[in-house]
Structure formats: C-alpha cells, structure tokens
Amino acid sequence: MAESVERLQQRVQELERELAQERSLQVPRSGDGGGGRVRIEKMSSEVVDSNPYSRLMALKRMGIVSDYEKIRTFAVAIVGVGGVGSVTAEMLTRCGIGKLLLFDYDKVELANMNRLFFQPHQAGLSKVQAAEHTLRNINPDVLFEVHNYNITTVENFQHFMDRISNGGLEEGKPVDLVLSCVDNFEARMTINTACNELGQTWMESGVSENAVSGHIQLIIPGESACFACAPPLVVAANIDEKSLKREGVCAASLPTTMGVVAGILVQNVLKFLLNFGTVSFYLGYNAMQDFFPTMSMKPNPQCDDRNCRKQQEEYKKKVAALPKQEVIQEKEEIIHEDNEWGIELVSEVSEEELKNSSGPVPDLPEGITVAYTIPKKQEDSVTEVTVEDSGESLEDLMAKMKNM
C-alpha cells in the first residue's frame, strides 16, 4: 500500500513537471503576451488599477528620468539564470524592458529553493524555460529569447557571439547590454572574451562563496578594466565544481545577499540605459559591516587579452579626436557692491546660544546631518523666598491678622 502511494506521488510530480514544461513552450496567441492581459502598445502615466506602468512613469513626472518610455527600446542579455540572474531578469521584466535574452544550461532543482524566484513545481525544467514562463506571465509586453546551453563550449561560443551581436530588439542589431550573473571563473572569462572582441559593454556581478558579500562591475571595453585586467573576485584555484558536488561540498548562498546584489545591478542598468544618476564602475557589498565600497579601474595596457589591448588603442584615438573644450571661468557678479552704511545681517541668536539650546548632535559622516535637534530640557526656575522665624506662636499671629 505504501509503495503504491509513493509511486502515485512520483507520477503526480512527473505530470506536474510535464504540464509546466508544456505551458512554458506554448506560443502566445495574437494580441496576447502569454500572461493574464493583452499587450500594452504604449506606456501610460494614467493612475488606474489596471495600468502596470503608472508607478514607473511617475519617475518621469518627478524629474528623475526624462524619458522612461525609452526602456522599451532596449535589449539586455543575461548569462546565468540562478540566484542573481533570475531576480535580475524579474526586476527588468517588471520595469518593462524591451527584450531579454536568457542563457543558462542548468535545470531547476529543489536545492535552488533557498534562493528567490523559482518554485518547487518547476524542478526538472531548464532554468531558461521556467524563467520565461514565469516572466511572460508577469509582463507579456517583454520579448523573450532563451538558450539552454553552456556558452563556454567551442560549438556554443560562436552562437553566443552571434546572438549578442545580432539579437537586439531589431534583428541584426546588437544587444544594448550584457549582464554576467554566472558563478564560475570560466564563464566570466568567456563573456569577457566575447565582449572584448565585439566591443560590447557589459556588467559583471558575483556573490562570495561565504554568501555575505558581493559586487557589481561595469566594463566598457577600452575605457575601463576588463575581467582579465583585474578580476574583482578571488576564485578558488584548482577546484572542480562537479567534483565538489559529488563530494557533497558546495558554496553557501543567502537569498538576502543575492537579492541585494541583483538590486544594485538592475539599479546600475537602469541608470546606464536611461541616463540618470551616477553609474558605478565598481560597487561592492559587505553584509557583515553594511559597507558599500565604490571605485573605478583603468584598463591594464599589458592585459593578456589582445582584444582588450586593441579596444584600448581605439578608445585613445576616439578621445584624441574629440574637440578640446576650453574651460571659461565666469566672473561672479557682486550684488549690492556699494554698502554705504555698512549694514550687516546678524542672527538674533548667537551660535553659542543656539548650541546651548539644542541637544547633543552625534558625530556623523560627511554629507549627513540630522533633520532636527532635540532642545535641552529647561529646568523651571523657582525663586526661593526666605522667611525669618519670629518665634511667635500661631495664636499671636492670628491676633495680629485680626487687628489689621
């Protein structure tokens, strides 16, 4: 009896996986993006419950982004749809990116459930198929292209190069950005090689093996250091990942750290594509101290990658060809130069009085101040009246009061 129940449970799980796989392979009907609504041709800022873009379009109204609708014209390739890559893909999908190209050779496992995005019923499906099915339901306006293979093999590398150079929103045009969300050195170097050869801008990301730190890095071939110039991560040497899995050893992973890294990666992507804020060339994250170091790295003139050295030479020529801009220092205009009467504006309260009336202000880093200070509690001043003892009794005092 117990064996038959176990067999039936296994059969149910197999059928659920097959059903999920069939659903992910279904071709959307005309006018239907595969989700629960029809495709929206134009983004709108109208504030109604049925508009999924109203909160995003508010960025334009508030002056953060000048043209948010432009996000639908971009195509982004994500290599690695794991703990960081899947969340990155979800965020970009919710933001309304034009097209996503997903690359991963792995399958969804129950061991992935400690991370974000994937669900237990998707176990056994390829990560790219499971991701496409979920993402299409979230936002049917986004175009998806998925590739279930390992980009590091010789036969797949050329196809990978072709898709990032011709798989843009308009076929034959390159993608606008490549995002590396892989977890091994070989795949990072493969992406680095392809992007250096094509002159393709990309962003690299990673989480440490102890799961409490991570980083993102913007790499513009020729302008900034490539992954071969200065690898930002120390990867364990002479370790075969497959043998580690066989021996029951694996790296730690926290959904919190991966979510933070995916968040700062997508934030950097949006700033880069939509041209707002400051784009970070390198941003680290240390969860133990809540520390976010930033820096930028110049390319190495002796880089081992010849295409990197070639891109550096082309970038130098490009900079040299730019017209030199003369910096004209404007003279500050003096307002009310004549002050015949020597009038000065003086505060009614001195700095010392203001300091004494305010509470203690903590030592804060540069650029941070308190919103307000709590005034010190003023002790009520009570005037003490001293009465001398006359030595008279209460009856004598009462008699004096009656005679008054």
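Just so you know, glycine gets a Cβ as well, placed from its N, Cα and C.
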Which range, 6-36, 347-377, does Swiss-Prot list as region 'Linker'?
347-377
Pick from 85-100, 245-260, 389-404: which stretch is listed in Swiss-Prot under motif 'UFC1-binding sequence (UFC)'?
389-404
Annotated motif 'UFM1-interacting sequence (UIS)' segment (source Swiss-Prot; candidates 48-60, 139-151, 334-346):
334-346
For the motif 'UFC1-binding sequence (UFC)' (389-404), what are the same-chain contacts with Cβ under 8 Å, counting residues 6+ beyond its ends?
none
Taking 10 A as the limit, how many CB atoms besides its own sit near the CB of Asp104 (ATP binding site)?
26
Spatial neighbours, same chain, of Cys229 (Zn(2+) binding site) - Cβ under 8 Å, 6+ residues apart:
Met297, Pro299, Asn300, Cys303, Asp305, Cys308
Would you mind splitting the motif 'UFC1-binding sequence (UFC)' (389-404) into helix, strand and coil residue counts from DSSP?
10 helix, 0 strand, 6 coil
